[in-house]
Amino acid sequence: MGDVVQMHFTTPDYVIFALLLVASTCIGLFYALSGGRQRTTQEFLLADRSMSCLPVSLSLLATFQSAVAILGAPSEIYTYGTQYWFLGVSYFLGLLIPAHVFIPVFYRLRLTSAYEYLELRFNKTVRIMGTVTFIFQMVIYMGVVLYAPALALNAVTGFDLWGAVLAMGLVCTLYTTLGGLKAVIWTDVFQTIVMFAGQLAVIIVGAHQAGGMGEVWRKAMNGSRIASLDLNPDPTERHTFWTLGVGGVFLMLALYGVNQAQVQRYLSSRTEREAVMSCYVVFPCQQVVLCLGCLMGLVMFARYGEESPLDKGYVKTNDQMVLYFVMDVFRDLPGLPGLFVACLFSGALSTISSAFNSLATVTMEDLIKPYCPAMTEAKATLLSKSLALAYGLVCLAMAYIASLMGSVLQAAFSIFGMVGGPLLGLFCLGMFFPWANSTGAIVGLVAGLAMAFWIGIGNFVSRMAVPTPLLPIINATTMPLHGNMTTAVMTTLITSITAKPKPTGVQALYNLSYLWYSAHNSTTVVIVGLIVSLLTGPMKEKDLTPGTVYPVLGNLLFFLPERYREKLCCVTPLSHKPKAINTQPYQMAQESNGVAQHKEEEKTEEEDEERATPQPSCRLAHTVQETAL
């Protein structure tokens with residue numbers, strides 16, 4: 001810790017922290033004992049498809065905003081300036097595309113797991129590969145996302161490390177297992193409010209102590225922390241307008257378009273329109289979150305200037321620096337450090353509870369139900385709850401493993417980012433390219449993952465080869481900026497520290513900005529998948545399952561005569577009978593709020609009707625039309 005006395009928590013701080021845990025548990029118990037009491041898988045995994053727009057959108061936001069993001073963004077701004085603010089540009093397309101492309105497709109197919117789509121579009125093998133990839137991604141990530149903030153807290157305040165990890169892990173497991181998705185979403189709403197309150201308190205008190213926001217801005221300007229628009233097209237530059245504004249879109253799509261934790265929230269909405277609206281509501285909220293992180297970084301700079309606690313040796317890493325700053329600002333204000341720690345762990349809770357619930361869902365729907373079709377609803381619900389509990393315990397085990405990993409900690413964060421891109425590529429291949437077949441999908445996914453791990457591990461190894469004096473700086477800034485579903489880490493570009501010649505060849509690939517990972521890896525999947533599909537015999541239009549293709553090419557090539565568009569298989573009227581598959585897709589948009597709480601007999605009648613009548617055209621319009629009764 002250097003030569004500064006460790007700052008400690010007071011009793012009011014512990015009380016506020018405990019209140020967060022108690023309130024979260026109470027919400028879980030409330031939903032376990034009210035309503036349908038989580039007796040069906042529909043209620044436990046999808047909140048009975050009865051959620052309204054506001055809680056869903058706040059839950060989407062909370063899942064995105066992890067504890068590491070709360071610590072990462074201010075230290076990024078403090079160290080490098082406000083260039084990172086331009087990430088807000090990518091939020092627009094990053095939410096508009098999921099709202100009008102992914103949500104209509106997933107919602108109308110009436111899925112529970114996003115990976116069911118892969119079986120409807122390709123085959124069972126692709127579905128299982130997608131599911132296993134997602135499980136691998138989340139299991140590694142969730143332990144680290146719980147352990148990293150607890151470690152920073154312990155280093156700065158002496159807060160008991162394993163006490164914090166166990167309290168968070170067990171409370172989260174308890175309310176996720178008892179209350180299902182409904183409890184997860186409503187605790188996310190509560191935790192989002194706590195996150196906003198904690199960050200606002202730091203900014204208001206910190207700015208007041210620095211002499212007001214005007215003084216903060218003046219010091220930031222003098223210290224060259226207010227960045228101008230950097231239009232450098234070099235993809236190896238860590239943060240430029242293009243890496244943030246364009247690379248960030250792919251990163252957002254991997255998070256908000258196809259990730260099970262987010263898709264599950266869309267599917268829990270009452271109607272398709274509510275799901276689309278939740279995307280629109282999340283947009284301004286994300287901008288606010290981004291601004292809070294940036295302002296906190298600027299207030300931190302106004303307090304310390306160029307002489308950071310890190311340089312003085314008071315703390316060892318950048319994430320500890322943010323906590324040191326908070327404890328310093330709130331030194332004479334008992335209770336407020338506890339509020340910020342509650343804010344920090346709200347981020348961790350919302351992220352890992354989403355992980356537990358989504359992992360239980362994909363394990364149940366993709367790996368167990370298809371092989372146990374005769375399972376009763378009561379048994380399936382009990383098994384789903386057991387899976388949520390089991391993943392909670394796995395998370396604690398992963399947190400322990402993370403504690404043994406040491407400098408490999410950032411590699412675990414990178415794995416999360418490496419996997420998000422290829423999965424996005426797999427869904428895009430199926431949704432936008434009607435001629436892509438299952439062989440192309442499998443080879444494409446494997447190629448995308450291989451490329452992702454090659455670049456990720458190459459980047460990690462090349463940074464480890466840097467002379468020792470630079471390593472603390474590199475490790476310090478290797479923190480993920482985003483929450484549950486986004487990529488990699490704030491890897492420090494060595495060229496910004498030393499005057500090194502510009503990397504070429506393979507080295508340039510290793511130095512690719514982390515924000516381009518999703519774009520690069522998803523594009524690899526699509527290109528390889530299309531080439532293999534064309535070589536092995538493209539899929540015929542009549543073999544496609546209705547509703548699984550979004551006719552993006554048909555819309556883009558509107559100027560071509562229809563016969564050419566039909567040859568390119570991009571008109572996709574899809575009025576043919578589907579092949580024999582487990583799930584019969586149908587248009588969910590026609591369901592009203594009242595029908596959200598399904599009765600089994602009504603569902604059976606509806607499916608019988610559909611079998612009797614030909615499928616309507618599943619050509620999805622750009623504007624989602626709400627046809628609810």
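Cβ atoms here come from the backbone N, Cα and C positions, even for glycine.
Annotations in TrEMBL come from automatic prediction, not curation.
Marked as compositional bias 'Polar residues' by TrEMBL: 582-595.
The feature region 'Disordered' is assigned by TrEMBL to 582-629.
Residues or ranges marked as transmembrane segment by TrEMBL: 14-33 (among others). If you look at the transmembrane segment (14-33), the same-chain residues 6 or more away from its ends with a CB under 8 A from one of its CBs are 167-168, 171-172, 174-176, 178-180, 182-183, 186-187, 190-191, 194, 335, 338-339, 341-342, 345-346, 349.
What TrEMBL records for 53-72 (among others) is transmembrane segment.
Summarising the annotation, TrEMBL assigns transmembrane segment to 84-107 (among others).
Marked as transmembrane segment by TrEMBL: 128-149 (among others).
Using a Cβ-Cβ cut-off under 8 Å and counting only residues 6 or more beyond its ends in the same chain, the transmembrane segment (161-181) has close neighbours at 21, 24-25, 27-32, 38, 43-47, 146-147, 150-151, 153-154, 187, 264-265, 268, 345, 348-349, 352-353, 356-357, 385, 388-389, 392-393, 395-396, 399. Positions annotated as transmembrane segment by TrEMBL: 161-181 (among others).
Panel annotation: around the transmembrane segment (193-211), residues 20, 62, 65, 70, 219, 288-289, 292-293, 295-296, 299-300, 302-303, 325-326, 329-330, 333, 336, 339-344, 346-347 of the same chain, lying at least six beyond its termini, place a Cβ under 8 Å from a Cβ of the stretch. Annotated transmembrane segment per TrEMBL: 193-211 (among others), in sequence order.
Sequence-distant neighbours of the transmembrane segment (239-258) (same chain, 6+ residues past either end, Cβ-Cβ under 8 Å): 60, 64, 80, 83-84, 86-87, 89-91, 93-95, 97-98, 101-102, 114, 229-233, 279, 282, 420-421, 423-424, 427, 482, 484-487, 513, 515-519, 522. The transmembrane segment annotation in TrEMBL covers 239-258 (among others).
What TrEMBL records for 279-302 (among others) is transmembrane segment.
For the transmembrane segment (339-362), the residues of the chain that approach it from at least six positions outside its boundaries are 9, 13, 16-17, 19-20, 24, 45, 59, 62-63, 65-71, 112-115, 131, 134-135, 138-139, 141-142, 145-146, 149, 153, 157, 159, 164, 168-169, 171-173, 175-177, 180-181, 184, 187-188, 190-192, 194-195, 197-199, 201-202, 259-261, 264, 323, 326, 330, 384-385, 387-388, 391-392, 395, 483-484, judged by C-beta separation under 8 angstroms. Feature annotation from TrEMBL assigns transmembrane segment to 339-362 (among others).
As annotated by TrEMBL, transmembrane segment applies to 408-433 (among others).
Residues or ranges marked as transmembrane segment by TrEMBL: 440-461 (among others). Long-range Cβ contacts of the transmembrane segment (440-461) within its own chain (Cβ-Cβ under 8 Å, at least 6 residues beyond either end) map to 118, 122, 125-126, 129-130, 133, 410-411, 414-415, 417-419, 421-423, 425-426, 429-430, 488, 491, 506, 509-512, 517, 520-522, 524-534, 536.
Panel annotation: around the transmembrane segment (514-535), residues 235, 238-239, 243-244, 246-251, 253-254, 417-418, 420-422, 424-426, 428-429, 433, 435-437, 439-441, 443-445, 447-449, 451-452, 455-456, 487-491 of the same chain, lying at least six beyond its termini, place a Cβ under 8 Å from a Cβ of the stretch. Residues or ranges marked as transmembrane segment by TrEMBL: 514-535 (among others).
Same-chain residues lying 6 or more positions outside the transmembrane segment (279-302) and placing a CB less than 8 Å from one of its CB atoms are 53-54, 57-58, 60-61, 64-65, 69-70, 73-78, 82, 84-85, 87-88, 91-92, 95-96, 98-99, 103, 195-196, 199-200, 202-203, 206-207, 210-211, 215-217, 219-220, 223, 225, 256, 321-322, 325.
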